[in-house]
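Per TrEMBL, the features are as follows:
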| type | residues | note |
| --- | --- | --- |
| DOMAIN | 59-367 | domain 'YjeF C-terminal' |
| BINDING | 175, 228, 229, 230, 231, 232, 233, 234, 297 | (6S)-NADPHX binding site |
| BINDING | 268-272, 287-296 | ATP binding site |
Ligand SMILES: NC(=O)C1=CN([C@@H]2O[C@H](COP(=O)(O)OP(=O)(O)OC[C@H]3O[C@@H](n4cnc5c(N)ncnc54)[C@H](OP(=O)(O)O)[C@@H]3O)[C@@H](O)[C@H]2O)[C@@H](O)CC1
Ligand SMILES: Nc1ncnc2c1ncn2[C@@H]1O[C@H](COP(=O)(O)OP(=O)(O)OP(=O)(O)O)[C@@H](O)[C@H]1O
Ligand SMILES: [Mg+2]
């Protein structure tokens, strides 16, 4: 059984020919980009929906629609290859949480591109992750000339570039830190991703970078921003030149997404609000009163996986009208909140992010059984 009965043949067609070859991957991404652009600019029902008020997403139904079945004909990689760009001396937990969550939800391969200091630590958390110790912070090159620094930067970009075409989605920012040299390299990685039409989720310190250089994501329809309360405040101040207005939360989010050229924004909070500048959806089901750090990292890894899966659905004429980015956000938000609720039932005040990650599998299984 594949994703849903109506799309069996279309999905089989779309995945039967060497999906890992880079030319078919590029073609698929180009087709997807054109569809996404057309959908966001001209799709009438979407425009009509944009005029209506925010609606609660049916997150469970989205989860059932986008989650692929475990078809024995599928090969390693077809359920998603995700890469997290993050991890530095201070933060090793955040990239781990994002990358391992992607695997626990159902991606086949999860990579982490981090600094040399962070790599052995992240590897030691899990043998499941493919960890690339390639990023450099200023302190490691402080004695270098400008020319030598440029060479280091080219090497970093080259290391990521040779993998780029293989990824279905990047997560840029969990535990990245704010080192200027490192962030300059990451901005070039974003340009590479855009050139290859690879979708990316921007979170944590990636949002710090983007807020100060909004052109990095502006008008890229495959960009998803997942700000928390602070990150959202900084984005609103920078882009809309005003303060966050809770009375007009939905309209303000829509304006923000529109102003950034139709990127998708998932504003995290008591209810998660999602907009691409046209529609606004909320996800309020489930949830937990524990606010331990790392839950946003689970979410960013989840958005990457569900976005990749929703993108595969696009070849089917019966696929949902919402973009893969919106579907990915709704699915990831619903699943994280269900897993957090389940973990809280078991662990109460001692609930940690690792406990929530352990509940991802059962939460998805309850909604969408594997067999
Ligand atoms: N284990 C790890 O490795 C983890 C690493 N992480 C990584 O850390 C990096 C920075 O991300 P971040 O989330 O700490 O930065 P940001 O949002 O600026 O918050 C900074 C401070 O703002 C405050 N504050 C928070 N909420 C608030 C509220 N509702 N209303 C008002 N104030 C509020 C609160 O400080 P307080 O004011 O309480 O002292 C908070 O500490 C980033 O790379 C991320 O990925 C995390 O993913 C976690 C797990
Ligand atoms: N007040 C709240 N009530 C219920 N759920 C919430 C609340 N705030 C956040 N959440 C849930 O927790 C998820 C993570 O949001 P949060 O604001 O903690 O992200 P974050 O600060 O980026 O986390 P991280 O510590 O990983 O950086 C959200 O998607 C949302 O589902
Ligand atoms: Mg965060």
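Backbone N, Cα and C atoms are what each Cβ position is placed from, and that goes for glycine too.
Annotations in TrEMBL come from automatic prediction, not curation.
Remember, it's a predicted structure, so these values are computed and weren't measured experimentally.
The structure, with features from TrEMBL marked on it.
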residue: 175; record: (6S)-NADPHX binding site; Cβ within 10 Å: 29
residue: 229; record: (6S)-NADPHX binding site; Cβ within 10 Å: 10
residue: 231; record: (6S)-NADPHX binding site; Cβ within 10 Å: 24
residue: 233; record: (6S)-NADPHX binding site; Cβ within 10 Å: 14
residue: 268; record: ATP binding site; Cβ within 10 Å: 20
residue: 272; record: ATP binding site; Cβ within 10 Å: 25
residue: 288; record: ATP binding site; Cβ within 10 Å: 21
residue: 292; record: ATP binding site; Cβ within 10 Å: 15
residue: 296; record: ATP binding site; Cβ within 10 Å: 21
residue: 297; record: (6S)-NADPHX binding site; Cβ within 10 Å: 30
Residue from 175, 231, 233 whose C-alpha is spatially nearest that of residue 294 (ATP binding site), among the binding-site residues: 175
Max pairwise CA distance, angstrom, over record-listed (6S)-NADPHX binders 175, 228, 229, 230, 231, 232, 233, 234, 297: 19
Cα separation, residue 290 (ATP binding site) to residue 175 ((6S)-NADPHX binding site) (Å, whole number): 21
Residue 272 (ATP binding site) versus binding-site residues 229, 231, 297 - nearest by Cα: 229
Spatial neighbour of residue 297 ((6S)-NADPHX binding site) that is closest, considering only the binding-site residues 268, 270, 288, 290 and their CA atoms: 268
Candidate nearest residue 270 (ATP binding site) in space, where candidates are the binding-site residues 229, 231, 233 and distance is Cα-Cα: 229
Binding-site residues: 270, 290 - member with fewest neighbouring CB atoms within 10 Å: 270
Inter-residue Cα distance where the pair is residue 231 ((6S)-NADPHX binding site) and residue 268 (ATP binding site), in Å: 10
Integer Å distance between the CA atoms belonging to residue 229 ((6S)-NADPHX binding site) and residue 290 (ATP binding site): 16
Binding-site residues close to ligand 3 - of 231, 233, 290, 296, only those whose C-beta is under 6 Å away: 296
Of 233, 268, 270, 272, 290, 292, binding-site residues neighbouring ligand 2, Cβ under 6 A: 268, 270, 272
Local backbone state of residue 272 (ATP binding site), from DSSP in three classes: strand
